[in-house]
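Taken from TrEMBL as is:
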BINDING   96, 97, 98, 128, 142, 146, 275, 279, 280  L-histidine binding site
DOMAIN    1-341  domain 'Aminoacyl-transfer RNA synthetases class-II family profile'
Ligand code: AMP
């Protein structure tokens, strides 16, 4: 029997409703902040991610699932390399949402010069070829936002405030969330800072792992969150971004913190917080659930250079992404749950096969009126239909027997009290909806 791919999950039942709930809460909350939903394709040209996320990142180098059509696959197999492929033929599954949304914003001119910012949110599956483990999947789901065209530090603060409110509405106790923030500088101050960190790593080469030595040349800031504990310890003495910000970045960061303070948001400043993707500038942030046991449950930051990297005009941007599976795990670890109960329904029961057509019509009429309605499709006895109705959480059962058919009526059975009343068939919908509203 074929099995699902390791590191992927099937979403159904309560788990599916949890994912929908996460989207519903996002739609309400982000909508109030002026964000509209967007969906970009799950496959993009590899270049979209190389330009945006950065050639040197683990995500692009090792974790992207590459896509080839069957015809191309055979060709590639024969040639043994992708060297002959055109950029249009080099495709990948999206490992994150930002690069694709920014590519779409450039391609569709969503932020024309002088126009109001584009404020977009998405709820999509992401794909990363990581080693599967708890809270680390190969296909996972993110809710994210991208706010393009706003350089104002208020946008950074509002994103963070909205994110923390989102966790609260999903059921997290805010006192058990840890929000870390940092500023990574910009094109004016980061190159010199990066060079200082590179030099620091080279000066401590004999104490650092192979990966960090490689990182020193391509992405030295990543050594701050090396998986090797000893490297991280050495990096504690490395130069910190906050001490190397230019005046503009320092003022931007200070203003973000003033806004957060004014909104009463609690945060810790973590000068070693560097997010894994190259495109971040200035503000970066990450959220962990205390005792959640799954690492970061969300994070984001500013990416003022990204629109240009994707071929657009210089346009500031900021956003975040929140992982559904990790939220579900972290909430469960804290004793909560994202799952919403299955919505109740009305059950239409027939006493015998003779009433099947009357049951059929009543079921349709209720559904047409928007009432979630179930019936029997397996020839069950009346008793077993009542059992089924209970299992489905039906509050009301519509019972149709020969007497009801003869009287052109239906019997309504309250599933809690088992009290029964007959009403004319013409009043079926109004009588049922009145009972459900009680
Ligand atoms: P990132 O784009 O790596 O910052 O990820 C943003 C959020 O997505 C993280 O904070 C996690 O909640 C979630 N996430 C990232 N990678 C994975 C993964 N492999 N499996 C499940 N969730 C993930």
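Sequential numbering from 1, following the chain as shown.
Keep in mind that glycine also has a Cβ here, set from the backbone N, Cα and C atoms.
A TrEMBL annotation is a machine prediction, not a hand-curated record.
Since the structure is predicted, the reported quantities are computational estimates derived from the model, not experimental observations.
Averaged over the domain 'Aminoacyl-transfer RNA synthetases class-II family profile' (1-341), the predicted model has a pLDDT of 93. Contacts of residue 280 (L-histidine binding site) defined by a Cβ separation under 8 A and a same-chain sequence distance of 6+ are given as 184, 274, 301, 302, 303, in order along the sequence. Residue 275 (L-histidine binding site) counts 20 other C-beta atoms within 10 Å of its own C-beta, drawing on all protein chains shown. With a 10 A radius on its CB, residue 98 (L-histidine binding site) counts 27 other CB atoms from all the protein chains.
Secondary structure at residue 142 (L-histidine binding site), as computed by DSSP, is strand. Sequence-distant neighbours of residue 96 (L-histidine binding site) (same chain, six or more apart, CB under 8 Å from its CB) are 53, 59, 126, 142, 277, 321, listed in sequence order. A Cβ distance below 6 Å to any atom of ligand 1 is met, among the binding-site residues 96, 98, 142, 280, by 96, 142.
Largest CA to CA distance in the L-histidine binding set (96, 97, 98, 128, 142, 146, 275, 279, 280): 20 Å, whole number. The Cβ neighbour count for residue 142 (L-histidine binding site), using a 10 Å radius over every protein chain in view, is 22. The secondary structure of residue 96 (L-histidine binding site), as reduced to three states from DSSP, is coil rather than helix or strand.
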